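Trainee: So Swiss-Prot lists these for the protein:
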- Tyr34, Tyr169, Gln173: L-tyrosine binding site (BINDING)
- 39-48: motif ''HIGH' region' (MOTIF)
- 229-233: motif ''KMSKS' region' (MOTIF)
- Lys232: ATP binding site (BINDING)
- 352-418: domain 'S4 RNA-binding' (DOMAIN)
Amino acid sequence: MNIFEELKARGLVFQTTDEQALVKALTEGQVSYYTGYDPTADSLHLGHLVAILTSRRLQLAGHKPYALVGGATGLIGDPSFKDAERSLQTKETVLEWSDKIKGQLSAFLDFENGDNKAELVNNYDWFSQISFIDFLRDVGKYFTVNYMMSKDSVKKRIETGISYTEFAYQIMQGYDFYELNDKHNVTLQIGGSDQWGNMTAGTELLRKKADKTGHVMTVPLITDSTGKKFGKSEGNAVWLDADKTSPYEMYQFWLNVMDDDAVRFLKIFTFLSLDEIAEIETQFNAARHERLAQKTLAREVVTLVHGEEAYKQALNITEQLFAGNIKNLSANELKQGLSNVPNYHVQSEDSLNLVDMLVTAGISPSKRQAREDVQNGAIYINGDRVQDLDYQLSNDDKIDDQLTVIRRGKKKYAVLTY
């Protein structure tokens with residue numbers, strides 16, 4: 001099976017400009033290719049991982065990746081399939097975000113070894129050197145307005161209003177391909193299927209300006225089996241930055257993937273062989289309640305993104321919380337595992353009587369209910385049941401001098417911080 005056949009078998013090929021010519025290029029020699037990442041935030045997220053890992057698979061097959069950080073295009077904003085104009089970021093912000101994204105990409109691509117080691121480029125380096133007049137003369141003249149308006153990615157915005165700034169975005173992305181081809185012999189661009197219009201602007205410019213053929217391959221935008229856009233947890237993006245989405249939260253995200261999606265996601269997001277995945281699928285279908293596919297997904301992706309130690313910690317947090325063994329975890333581990341539960345910062349004037357604190361922290365709705373909860377054995381401090389109405393919280397209840405975990409019943413948690 002050649003690399004293109006494997007990408008197809010994994011569900012990673014959505015559209016190509018000329019499949020036969022691309023397969024020929026990929027099987028006859030080394031291809032230099034690129035994927036672009038605009039710094040629209042200070043971190044990449046799971047949605048980016050499809051293109052990143054596809055790029056990694058091609059590198060493992062001997063091809064040479066260029067990771068393009070859009071320091072210039074990030075200042076403009078991509079209008080593709082967006083309902084409204086993006087807010088423009090300052091140059092300083094985009095520069096800072098670009099640096100963070102560079103660091104994240106180095107965890108997935110090999111920038112050190114071999115003749116196909118990855119190269120990092122920033123389109124600000126060439127766009128900052130081009131005058132507006134030169135850009136219009138040397139690039140703009142190759143694009144008709146009719147061609148630009150025909151792109152599905154901007155049609156909707158043409159009706160509701162689009163600035164010239166965003167309208168010109170596709171020409172900038174097209175010029176990226178031309179520049180990389182001219183300087184580094186890059187002949188293939190990879191990106192999400194929503195980028196098709198911008199990406200083919202590059203092949204158009206290559207054809208008209210340099211009389212060369214470029215290839216485009218898009219990866220699918222991933223949705224779950226209900227059609228919901230993938231990569232969100234409770235409406236929030238699942239970030240690759242551990243400070244924005246902890247390894248534990250990422251682990252839980254994968255653990256909660258629906259059965260109908262789990263095997264498909266193993267093909268897309270892991271480097272397990274297709275034979276290994278087929279074996280996992282057989283075992284998974286025989287005992288879905290054991291969630292083998294989800295557990296494998298969680299292990300593989302968290303290890304890939306954050307490392308083996310982070311995976312082991314996420315697994316340990318999961319197991320200890322499930323067993324109610326709060327005291328077996330550090331304050332930092334508890335902050336990861338209980339990041340979504342109510343948090344109350346204890347004030348110096350607060351009563352440390354347990355009944356009072358249950359009401360103050362919003363754990364019980366009233367003192368009467370709080371007393372009943374304590375007497376009925378429904379209240380746990382750091383995993384230990386407390387039934388003393390006169391119990392006073394003390395330093396002994398602080399884990400690492402930072403927090404106390406109170407549980408009401410089986411599932412209602414609150415964290416007291418000091």
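One is the number of the first residue shown, and numbering goes on along the chain from there.
Keep in mind that glycine also has a Cβ here, set from the backbone N, Cα and C atoms.
Model, not experiment: these values are computed from the prediction.
Looking at the shown structure, can you explain where the listed features end up?
Mentor: The local packing around Gln173 (L-tyrosine binding site), expressed as other Cβ atoms within 10 Å of its Cβ over all shown chains, amounts to 28.
Sequence-distant neighbours of the motif ''HIGH' region' (39-48) (same chain, 6+ residues past either end, Cβ-Cβ under 8 Å): 69-71, 74, 77, 86, 89, 94, 96-98, 100-101, 104-105, 192, 221-222, 229-231, 237-241, 244, 253.
The average pLDDT the prediction assigns to the motif ''KMSKS' region' (229-233) is 69.
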Trainee: Pairwise over Tyr34, Tyr169, Gln173, annotated as binding L-tyrosine, what's the top Cα to Cα distance to the nearest Å?
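Mentor: Roughly 18 Å, rounded to the nearest whole number.
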Trainee: Could you give me three numbers for the domain 'S4 RNA-binding' (352-418), the DSSP helix, strand and coil residue counts?
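Mentor: The composition, in the requested order, is 19 helix, 20 strand, 28 coil.
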Trainee: I'd like the number of other C-beta atoms within 10 A of the C-beta of Tyr169 (L-tyrosine binding site), please.
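Mentor: Within a 10 Å radius of the Cβ of Tyr169 (L-tyrosine binding site) lie 25 other Cβ atoms.
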Trainee: I want to check the contact list for Tyr34 (L-tyrosine binding site): same chain, sequence separation of six or more, C-beta distance under 8 angstroms. What comes out?
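Mentor: When sequence neighbours closer than 6 are ignored, Tyr34 (L-tyrosine binding site) has Pro65, Tyr66, Ala67, Leu68, Val121, Asp176, Phe177, Leu180, Val186, Leu188, Gln189, Ile190 within Cβ distance under 8 Å.
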